[in-house]
Amino acid sequence: QDEQEWDFVLVSDIHQVGSEKEIKRKKFLDELSKKGFTIKKIEDQKLFYGVRAPKWIFRKYQWLLRSMESGMQSPGDQRAVPGATRIRIVNFILQNTVTPDLEKLCDLRRKKVFETAFPLHEREEKNVLIKEKWARWRDICCVQPIENIRAYFGEKVALYFAWLGWYTYLLGIASVVGMLIFVIGITVLSSSQVSKEICKANTTIMCPLCDQKCPFWLLSDTCTYAKITHMIDNEGTVLFAMAMAIWATVFLELWKRQRATVVTKWDLYEWDDDEEELAMELINNPLHEPRRYQHSYFRSTVVILLVLLMIAVLIGIAHALVIYRVVAMALFTQSASEFIREHANTLAVVTGAILHYLTIVIMTKVNRHVALYLCDLEKPRTFAQRENNFTVKIFTFQFFTNFSSLIYIAFFLGRINGRPGSYVRVAGKWRLEECHPSGCITDLFIQMATITILKQTLSNCMEYLVPWITYSHKKQKLPKKKNTILGEEEEEAEDPCRQWWLSNYQLNEVHHFSLFNEFLEMVIQYSFTTIFVAAFPLAPVLAFINNLVEIRLDAIKMVHLRRRMVPRKANDIGIWLQVLEAIGILAVIGNGLVIAITSDFIPMQVYKYTYSPCATGNGTALDCLSGYINHSLSTFRTRDFEPHMRLPTQLPSFARQGVTEYRDYRNADDYSFTVQFWHVFAARLAFLILFEHVALCVKFIAAWYVPDVPQSVKNTILDEKHTKLQKGLRWVAAEKV
């Protein structure tokens with residue numbers, strides 16, 4: 001029966017009669033009783049207090065926030081209140097009820113008067129629809145029951161899953177294209193003229209990659225890596241990067257349309273968060289005065305300085321990862337194992353990527369505490385404002401945590417390390433690492449692949465296993481009923497609510513930002529999928545597979561492993577939309593920089609159209625990239641190595657020549673940059689400017705071409721306003737009569 005349902009359950013330890021905690025608990029419960037709440041006590045190893053709000057609270061809420069469709073003509077109209085709305089109102093009153101000691105529930109929880117407070121999951125027969133159609137692994141490819149999610153968890157959760165489903169749906173299109181580009185790259189693995197020249201360069205001797213024990217090596221040794229590099233660094237990748245920049249815009253524009261359609265159907269298009277909060281404040285306390293908007297320039301300045309300090313710390317951690325790679329490279333090259341010495345560069349990159357992942361895991365927790373502390377300094381007026389402030393800060397911190405190392409690898413690795421004979425060194429000892437012998441984009445590919453795979457496998461496993469193990473552990477410790485009664489009245493031996501309350505209590509606790517964690521995870525994934533997609537075309541494919549699992553994983557956690565989340569009303573995904581739009585701009589800049597700086601695409605095009613046999617007209621039968629490798633190498637005299645560098649055993653043929661080569665555009669006599677270097681530099685800059693301007697123009701055109709709000713939604717809102725005005729006009733006419 002509805003009258004037997006309980007809106008919330010408060011849990012407390014059994015305190016000694018007459019103790020300070022027991023008195024504070026009684027005062028809080030007395031305040032609830034004065035407001036008309038029904039309270040039921042069940043005693044076990046803990047004290048459980050079920051609370052049920054009086055009906056007049058919900059009638060007041062409906063009357064204050066009545067809409068045109070509500071049909072309410074007077075405050076006395078009886079209309080059913082959705083369960084999600086009941087929980088939201090009761091939670092607000094519980095959180096804002098003040099005791100005579102001027103303490104709220106959060107204060108009492110801090111002082112261990114109450115352990116926790118939570119709404120109850122609906123019983124199995126009421127919840128079966130969600131469990132059968134949503135919270136099961138075998139429904140992984142089924143359409144989500146968004147309306148049922150909304151009715152059970154509220155609009156905010158429903159919009160999250162609607163957004164995630166829409167993102168995954170459009171990600172399927174991007175993943176097909178990405179997979180196609182990848183497959184094409186595999187099919188032309190051995191057909192690249194550049195790869196062929198590298199594989200045949202068995203007489204081209206390259207400079208050692210480190211100072212100690214590193215041998216001179218043949219360019220042909222990197223034949224396999226050169227083929228793999230061509231698989232991800234080709235003309236198709238450039239087009240795919242451009243397409244993903246456009247895809248990001250189209251995705252957001254189509255989501256805006258989808259969101260407008262959904263919230264119009266829910267009659268929330270013009271819903272106001274501030275108005276609902278004011279209504280609940282007045283229901284809780286009719287004498288309530290609204291909290292005024294305030295702004296402190298001093299406080300804002302302090303927050304900005306602390307944010308900049310935190311960003312500096314995160315960049316410092318990225319520098320520490322760079323130093324690790326430098327030292328690891330030096331140690332690996334001095335290893336007794338021949339395998340480690342031969343693959344020192346790759347091992348340094350892979351272990352650096354794993355260390356970067358561990359840094360992300362640790363700093364995510366640190367970033368959360370720092371962001372919450374900064375939000376407390378700002379003293380936001382409402383919970384929504386606090387959540388927005390927290391979102392901006394935590395995303396900023398997470399962006400630098402996740403991408404500082406990637407930015408270094410993409411745009412600085414191999415470009416600030418100097419040249420043979422004049423290397424840049426850390427602490428004057430370890431020289432900065434160079435790019436992978438097959439190209440700088442290989443390092444970025446390995447880093448992206450390692451982090452993405454770890455985040456989408458290990459992190460997801462932990463995300464499911466930790467709450468599952470915690471819940472299983474709690475379930476094994478089922479509390480047994482005590483015979484001693486310390487309260488005012490003895491309860492029945494077999495209370496029908498006891499087992500249900502206990503089973504809900506044993507579930508994992510949810511927090512205000514539980515849904516925020518899911519959003520943040522997906523937005524960071526969206527960043528990985530779009531910003532450096534030029535270096536990792538498989539990112540959309542892995543993200544698509546991950547999201548299919550993520551939807552069901554989140555559903556199972558919410559329904560089976562966690563206490564019921566307090567439903568919250570919303571008509572959009574909040575400030576996350578602005579964050580996604582910012583990521584779209586960063587995707588254009590990031591991919592443009594990867595193609596212009598990290599990739600060999602521009603140098604090859606400069607050679608093809610300026611220096612190749614095709615450009616000079618001397619070899620029309622040859623491939624236009626014939627001779628590119630020799631053109632991109634510079635000569636170095638071994639006598640010009642630094643004095644403290646220990647030269648390895650020289651190859652027989654090399655001993656007579658006394659010269660070696662390295663990848664750069666420098667003159668052989670004074671090692672100054674050649675004319676070709678400046679041609680390539682100018683071409684990189686021109687391409688970057690052209691790519692970003694074209695991509696941004698296409699993004700803006702796409703945003704203009706696809707309206708944010710469908711015409712059907714606009715017409716529906718227009719009809720509602722017209723009908724409302726007509727009703728008002730008829731009421732005025734009736735008054736005259």
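Cβ atoms here come from the backbone N, Cα and C positions, even for glycine.
In TrEMBL, annotation is done automatically, which means it is predicted and not curated.
Going by TrEMBL, these are the annotated features:
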type: DOMAIN; residues: 83-146; note: domain 'Anoctamin dimerisation'
type: DOMAIN; residues: 149-717; note: domain 'Anoctamin transmembrane'
type: TRANSMEM; residues: 157-186; note: transmembrane segment
type: TRANSMEM; residues: 237-255; note: transmembrane segment
type: TRANSMEM; residues: 301-324; note: transmembrane segment
type: TRANSMEM; residues: 344-363; note: transmembrane segment
type: TRANSMEM; residues: 390-413; note: transmembrane segment
type: TRANSMEM; residues: 523-549; note: transmembrane segment
type: TRANSMEM; residues: 570-597; note: transmembrane segment
Mean pLDDT across the domain 'Anoctamin dimerisation' (83-146) comes out at 86
Per DSSP, the domain 'Anoctamin dimerisation' (83-146) contains 34 helix, 3 strand, 27 coil
Answer key: the stretch among 157-186, 301-324, 344-363, 570-597 with most Cβ pairs under 8 A to the transmembrane segment (523-549) is 157-186
Stretch winning on C-beta pairs under 8 A with the transmembrane segment (570-597) (pool: 157-186, 301-324, 344-363, 390-413) is 390-413
Same-chain residues at least 6 beyond the ends of the transmembrane segment (390-413) with CB under 8 Å of its CB atoms are 307, 310-311, 314-315, 317-318, 321-322, 352, 356, 359-360, 363-364, 367-368, 370-372, 374-375, 433-435, 440, 443-444, 447-448, 451, 513, 516, 520, 523-524, 527-528, 531-532, 535, 574-576, 579, 590, 593-594, 597-598
